[in-house]
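Structure, as C-alpha cells:
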Amino acid sequence: MSLAPDLAAAAPELFLACAAIALLMLGVFRGDGAGRPIMRLSVLALIVALLLVVFPMGGEGIFFNSLFIKDVFGNFMKGLVLVGSGLTILMGWRYVERERMDRPELPVLLLFATVGMLLMISANDLISLYVGLELQSLALYVAAAIRRDSLRASEAGLKYFVLGALSSGMLLYGLSLVYGFAGTTGFTDLAAAFARDAAAGTPVSLGLIVGLVFVAAGIAFKISAVPFHMWTPDVYEGAPTAITAFFAVAPKVAAMALFVRVLMGPFGDLVGQWQQIVVFISIASMALGAFAAIAQSNVKRLMAYSSIGNVGYALVGLASGTEAGIRGVTIYMAIYLVMTVGTFACILAMRINERGVESIDDLRGLSKTHPMMAAALAIFMFSLAGIPPLAGFFGKLYVFLAAIQAGLYGLAVIGVLTSVVGAYYYLRIVKLMYFDEPTEVLDRPIGREVGLVMGVSALAILLFFVMPSLVVDGASAAALSLFAG
Amino acid sequence: MIVQALAFYLFAAIMVASAVMVISSRNPVHSVLFLILAFFNAAGLFVLLGAEFLAMILVVVYVGAVAVLFLFVVMMLDVNIAELRHGFLQYLPIGALIGLILLVELGMVAGAWVISPGAGAAAHLPIPPPDQVTNTAALGHVLYDHYVYLFQSAGLILLVAMVGAIVLTLRQREGVRRQSIARQISRRRDEAIEVKDVTSGSGV
C-alpha cells in the first residue's frame, strides 16, 4: 500500500505542520529575539500552504483509510482559514511587539492552531474531527493566556480552557453515543447507514438523536452560538487584541465548516432531526447578538456580540439544509472574514499615547483626526449592519433567500428584524466618528501592516458588488461538492 | 498444561494479594511498591494469554513511567495518612452502599449484555489469525498503517501541549547562578588560587 497519494492530498497540512516544527527549532536556537523573523516566516508558510490549497497536488477523494476528505468545499474553507490566519498574524504583530509578548512560540502556536483547523475541515471520521478540533483548541488556549503577567488575560485563558474542556467533553459524549448506536465512526459509513434506514423507513433510534444533540452542542460551543456563547465576550475582552482578532476570524470559519460538514455529510438524511436545533440556536444567536450588544461600551465586547449575531445569520443558511443554504453559509463566512479582519485592524490601530484603548468613546470625532481610518471603519460598520451595496448585505441576502426557498419564513423574518436592531449599534459607532467632537486624538501613524489590511479589506467590502462572481462561483462549487456524493 | 495453570494461579494470587496490600498498607510508599508488584503480575498474566506486546507495554509504561511518577509524588507530598484515615468509619456505610449499587449495576450490565449481530461483520479491521501474525505486528499495522493519520495528529497535539506547558510556566529569573562548563574548565591555576605568605602568629 503506497502512502504517496494520501500524502499528496494532505500536502497543505503536512507542509504547515513541518514548517511549524522547523520554526519552533529556529525559535529554540535563536532565542527570544527571533520573534519577528519567525512571524514573517510563519506568514510565508501560510501563503505557501494557501498556494498548495489553490493548486492542489492530486485529485479529490477520500484518503488515509477514509479518515480524511479532500473536496471543493474543504478547499474553499481552507483557503478562507489560511487567509484569515495570515492576515491576523501579520497585522497583529506590531501590537504583540508593543505589548512585549513577541515570543517565538506565539506564531508557532498559531500555526499549529491553523493546522488543527485544516484537519477539522478535512475530517471524514468522528475521530479525525475530534483530533483536529483538539489540536486547534489546545493551541488557542495557550495563545489566550500567553500574557501571564496580565490578570485579565490569564482569566480569559483559564475561562476559555475550562469551558472549552467542558464542550470537548460534551462533544466526546455525543460522538461515543453516535458510535455506539451506529456502530461506525466513518462519515461515509454513517451516511450510508442512515440513507439505508431512511429508505427502509426504520425510525431513528433515540440514542442516536441524543448523541447528535450533544455533538451539535459541542460544535455550537466552538462557533459561540447561543446558548453556548457565555465564554465569548469575556475571552474577547480579556485576551490581547491581536489574539482576539485571530480568535474572531479563522477558528470561527473552521468550526462553521466543520458544523456544515458534520450535519450535511453523515447526518444529511437526518435533516428533520437537526433542523429544529439549528433553527433554535440561529434565532437565539441573532437575537442575543442584536440586543446584548446595545449596552456595550467596550469595542472588543461589542465585536464579541457581533460575532455571535453573525454566527446566527450564517446558521440561517445551514438551517435550510439545501444547496443554496450551504452556498449562503460559505459566502457569508467569506464576507464575515473580510469584515472582521478589517474591523480588528481598526481596533488594533486604536492607541492613545502608545497604550491600546478599547472604549467606543475613544472613537469620537475620528473623522476629523483620522479621516481614512474613519472611512474604513464606517464601511465595515455599514457592511456589518447589512446596508446595500456593501458586501455584508449580499451575505445576508444569500442566506435569507435560501431560508425562504426552504420554507423557513419565520426564520428569515426574525433574521431581518434582528439585523435592523443590530444596525443601531453599528451605526452608533458611525455617528460617534462623524458627528461628535474629538476628545483625545489617537496615535499616528497606525502602522504599515494594519493600514494595508484595513485598506484592502475596505476596498474588498466596498467593491464586492462589482465582481461578486469571484466569491459566489467558488462558494457555489463548494456547496455543490457537498451534495454530489 | 499443568505448568500454565500453576503459573496462572501463582500470578493471579500474588496480584490479588498485592492489590489488597495497595489499599491496606499504612505507608503510601509501600502502596506504590505493591502497585508495581501488581503490574508485574498482570504482565505475567498477559504473557500467559499470548499478548506479549501488552505485557511489555505494561512493564515499560506503567512500571517504568506511571508508577515511578506516583512514587515521586507520594514522596514529595508527604501525605499524612493518619489524617486521611480520620472519619473513615463515619463514611463507611455510605461508601459501602454506593459500592453495592455499582456492583449490582455491573451485574445487570453483564447479565443483559448482547453483542450486536452485525458488529463482527461491520468491523473494518478483521482480527488476523494469531498463529500467522504476532500481536506486536498486528498492533503496529493498525497504528502505523491504518490510523497513521490519527497517530501523527495525536503526536502534534502532544507537541502543542508540551510547547504550551513550557510557554506558560518557564520564566527567566534574575540572579540565577548558572553553570558554565566552558568557563569552569578554562580556569587556570593562577586565576583560581592565590598564595599568601602568612607570618606565623599574626593571622591573615
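Using N, Cα and C of the backbone, Cβ positions are placed for all residues, glycine too.
If you look up TrEMBL, you'll see A:12-29 (among others) marked as transmembrane segment.
Sequence-distant contacts of the transmembrane segment (A:41-64) (same chain, at least 6 residues past either end, Cβ-Cβ under 8 Å): 5-6, 8-13, 15-16, 19-20, 23, 26, 70-72, 75, 78-79, 82-83, 85-86, 89-90, 107-108, 110-111, 114, 118, 124, 188, 481. The transmembrane segment feature in TrEMBL is assigned to A:41-64 (among others).
Annotation comment: TrEMBL describes A:76-93 (among others) as transmembrane segment.
Long-range Cβ contacts of the transmembrane segment (A:105-121) within its own chain (Cβ-Cβ under 8 Å, at least 6 residues beyond either end) map to 12-13, 16-17, 19-20, 23-24, 27, 35, 38-39, 42, 45-46, 49, 74, 77-78, 81-82, 85, 89, 96, 128-129, 131-140, 142-143, 146, 246, 250-251, 253-255, 257-258, 261. Per TrEMBL, the feature transmembrane segment maps to A:105-121 (among others).
What TrEMBL lists as domain 'NADH:quinone oxidoreductase/Mrp antiporter transmembrane' is A:123-421.
The annotation transmembrane segment is assigned in TrEMBL to A:158-182 (among others).
Per TrEMBL, transmembrane segment is recorded for A:202-221 (among others).
Counting residues 6+ beyond its ends, the transmembrane segment (A:242-264) has Cβ neighbours under 8 Å at 73-74, 77, 80-81, 84-85, 87-89, 91-93, 95-96, 99, 110, 113-114, 116-118, 120-121, 123, 129, 132-133, 136, 140, 143-144, 146, 187, 215-216, 219-220, 222-224, 235-236, 271, 274, 278, 300, 303-304, 307, 311, 314, 318, 321, 326, 329, 333, 336-337, 340-341, 344-345, 347-348, 482-483 in the same chain. Taken from TrEMBL, the feature transmembrane segment applies to A:242-264 (among others).
As annotated by TrEMBL, transmembrane segment applies to A:276-295 (among others).
Look at TrEMBL and you will find A:331-350 (among others) tagged as transmembrane segment.
Residues or ranges marked as transmembrane segment in TrEMBL: A:371-391 (among others).
The transmembrane segment annotation in TrEMBL covers A:397-427 (among others).
Among residues of the same chain six or more beyond the transmembrane segment (A:450-472), those with a C-beta under 8 A of the stretch's C-beta atoms are 87, 90-91, 94, 327, 331, 334-335, 338-339, 341-342, 345-346, 348-349, 372-373, 375-376, 379-380, 383, 388-392, 394, 398. Look at TrEMBL and you will find A:450-472 (among others) tagged as transmembrane segment.
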Top partner of the transmembrane segment (A:331-350) among A:76-93, A:158-182, A:202-221, A:276-295, A:397-427 - counted as Cβ pairs under 8 Å: A:76-93
Closest-packing stretch to the transmembrane segment (A:397-427), where packing means Cβ pairs under 8 Å, from A:12-29, A:202-221, A:276-295, A:371-391: A:276-295
For the transmembrane segment (A:276-295), give me same-chain residues lying six or more residues beyond its boundaries with a C-beta closer than 8 angstroms to one of its C-beta atoms, as numbers and ranges. 213, 216, 220, 225-229, 263, 302, 305-313, 315-316, 318-319, 408, 411, 414-415, 418-419, 421-422, 424-425
For the transmembrane segment (A:76-93), the distant same-chain contacts (Cβ-Cβ under 8 Å, at least six residues beyond its ends) come to 12, 36, 39, 42-43, 46-47, 49-50, 53-54, 102, 107, 110-111, 113-114, 117-118, 121-122, 241-243, 245-246, 249-250, 253-254, 257, 330, 333-334, 337, 341, 344-345, 348, 447, 449-450, 452-453, 474-475, 477-478
